[in-house]
Amino acid sequence: MSINLRTVYAFAREMYPKNSKETIQYGTAGFRGKAEFLDSVMFRMGVLATLRSRYREGAVIGVMITASHNPEPDNGVKLIDPKGEMLESSWEKIATDLVNVSDQELEQHVGQIIKDNNIDVTSSSYVYVGMDNRYHSPRLLKAVADGVIALKGNVREFGIVTTPMMHFFVVAANTKEAYGKPTEESYYEKLISSFEKLRNGRVENGNYRNSLIYDGANGVGARKMLQFIKRMNNSLAVTVINQGIGTGKINEDCGADHVKVKQRVPVNMPDVEPFTRCVSVDGDADRVVYFYTDDEGQFHLLDGDRIATLVADYLMEQIKRCDLNLRIGLVQTAYANGASTDYIVNELKVPVSCVPTGVKHLHHKALEYDVGVYFEANGHGTIVFSDSAKSLIAEAAKTNEDAKSLLLIIDLINETVGDAISDMLLVETILNHKGWDVKDWSAAYNDLPNLQLKISVQDRNVIKTTDAERVCVEPQGLQEEINKVVANYKRGRSFVRPSGTEDVVRVYAEAATKEDVQQLAYEVGRLVQRLAGGVGPELVNPSNAHL
Ligand SMILES: CC(=O)N[C@H]1[C@@H](OP(=O)(O)O)O[C@H](CO)[C@@H](O)[C@@H]1O
Ligand SMILES: [Mg+2]
């Protein structure tokens, strides 16, 4: 088979001309932006995925079209490497350069990538493509597929799927189906059968009730949950809200990001009993958070930190019961609530590390342990087991019932990446096992009040950070000013960093009281506006807000 790079240029010029002059970067989770400027990006990512597959000797590479928690007009694309991880970081640079060259330079540039990486263009390549349910996703999926076709690669389209399903399909295909088959049915089957075996017919236990409200963020997570419900034998009574039918827009006033950042219930919440367990996932269903309201109508959040601590505690207990000697570790980011980190260090006594935002960083760190539990505070995370841990557990399972359960737990977990539905089924399994309701779960520790702000600046990349993003090194002087402000607040902590998915600088703050955290976030936000080129209206001082 021979390929003609002229074809790539012809496709690009005729169908996917570059229509934006702005430089775009492979960020925290791939490329994101307004959908109308992404056709050429998608086409080129189809080209890159094909090259990457050839570079990896014909292994399947995944392409997921989604803008996750971003608003409806946005879309995005992320590449999935053969083992289900995010695209290797050295190729992120290749991706960024490829999407930013002009149409005229494209042919020569693709030739250079082939040469630099010694890619055999006559070899086979396989690309899997899936998308979320945004109305512009099908158009963008076609652009990716055309990028593959332009280089004579093989493309398989999965239609509307969650991000974690795409990761599952890629791993399933590349492990010759040891992980399952690369089909939707196989994915449902794997998760549901382990979940139901773990339940073993016991749907309620102690304070645990088996019903919950599920906020699907008007995204693909809603449709897939409806598919789960159809296939489950009433082992869980799930009411799905924000299903994405009718006028509801993806992530608008609903979903995991809304619930976590606004600390508020999603739109369309039915009238439920106080302390009813509720779950929100994001637009592509790779994040999950829990929440409930108490008998005074007060909102309570059980976020990724809570899930991580619940899971780590449970796994430690199970591993101890099996009498196995496995090193368990927890990975967080700077957004983790300080109270959760204290709890991990002082109560769980598990090693905990802090890495930069983005699951790729957490995932890599977690692989250093026999059992690595990682979660971003926003509910994005999973658990990874080393090969040797898996064989030890499998060996023990021959004689030990607890080890058998652990094996089922491993099956229930989508180890490739954070998976909202799989994580939810895991939490449900643990709560059921412990006989806990949300009150019991909340009792482990009290979150410090915390707040996030988004600040618009001229160029968010003027902010540079170090020490897992906890310290800002540029613009000069900003960190010193933040330190001075933070010192005035009991249990105060705050940091700033440029978002990798939105054109904003994020400010995080936590402090001992709600009033303090509002004031602290405001003061740090003002520093960013003043010292990092803020644009738009000045933040309002919360202590003057009533004036
Ligand atoms: C504070 C926060 O929640 N940041 C999110 C967000 O990244 P930013 O780089 O902060 O925009 O989107 C990422 C992808 O979904 C997710 O991994 C990350 O945790
Ligand atoms: Mg997401």
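Using N, Cα and C of the backbone, Cβ positions are placed for all residues, glycine too.
Residues 26, 29-35, 38, 41-42, 45-46, 48-50, 52, 113, 117, 123-132, 134, 136-137, 140-141, 144, 163, 166-171, 173-174, 182, 217, 220, 249-252, 255-257, 282-284, 286-287, 358-360, 363, 415-417, 501-502 of the same chain lie 6 or more positions beyond the ends of the domain 'Alpha-D-phosphohexomutase alpha/beta/alpha' (58-95) yet place their CB under 8 Å from a CB of it. The domain 'Alpha-D-phosphohexomutase alpha/beta/alpha' annotation in TrEMBL covers 58-95 (among others).
In three-state terms derived from DSSP, S68 (Mg(2+) binding site) belongs to neither a helical nor a strand segment and is classed as coil. With a cut-off of 8 Å between CB atoms and residues at least 6 apart in sequence, the same chain places A29, G76, D132, T163, D282, G283, D284, D286, R287, T501 near S68 (Mg(2+) binding site), listed in sequence order. Per TrEMBL, the feature Mg(2+) binding site maps to S68, D282, D284, D286.
The active site, phosphoserine intermediate feature in TrEMBL is assigned to S68.
Note on the domain 'Alpha-D-phosphohexomutase alpha/beta/alpha' (110-175): its mean pLDDT in the predicted model is 97. Residues or ranges marked as domain 'Alpha-D-phosphohexomutase alpha/beta/alpha' in TrEMBL: 110-175 (among others).
TrEMBL lists 183-289 (among others) with the feature domain 'Phosphoacetylglucosamine mutase AMG1'.
TrEMBL lists 303-436 (among others) with the feature domain 'Phosphoacetylglucosamine mutase AMG1'.
Every protein chain considered, the tally of other Cβ atoms within 10 Å of the Cβ of R506 (substrate binding site) stands at 23. In this structure, R506 (substrate binding site) is part of a beta strand by DSSP. The substrate binding site annotation in TrEMBL covers E376, A377, N378, R497, P498, S499, G500, T501, R506.
If one looks beyond the domain 'Alpha-D-phosphohexomutase C-terminal' (482-524) by at least 6 residues along the same chain, the residues whose Cβ comes under 8 Å of a Cβ in the stretch are 27-29, 32, 67-70, 76, 334-335, 337-338, 357-358, 448-457, 460-461, 463, 465, 469-472, 532, 539-543. Under the heading domain 'Alpha-D-phosphohexomutase C-terminal', TrEMBL lists 482-524.
Counting other Cβ atoms within 10 Å of each Cβ, the binding-site residues P498, G500 show the lowest value at G500. Within the set of binding-site residues D284, D286, P498, no residue has a CB atom less than 6 Å from any atom of ligand 1. Site extent for substrate: the farthest pair of Cα atoms among E376, A377, N378, R497, P498, S499, G500, T501, R506 sits 17 Å apart. Among the binding-site residues E376, N378, P498, G500, R506, no residue has its Cβ under 6 Å from any atom of ligand 2. Within 8 Å of the centroid of the Cβ atoms of S68, D282, D284, D286, where the record puts Mg(2+), the same chain has further Cβ atoms from T66, H69, D132, T162, T163, G219, G221, A256, V281, G283, A285, R287, H380, A420. Secondary structure counts, DSSP: the domain 'Phosphoacetylglucosamine mutase AMG1' (303-436) has 74 helix, 18 strand, 42 coil.
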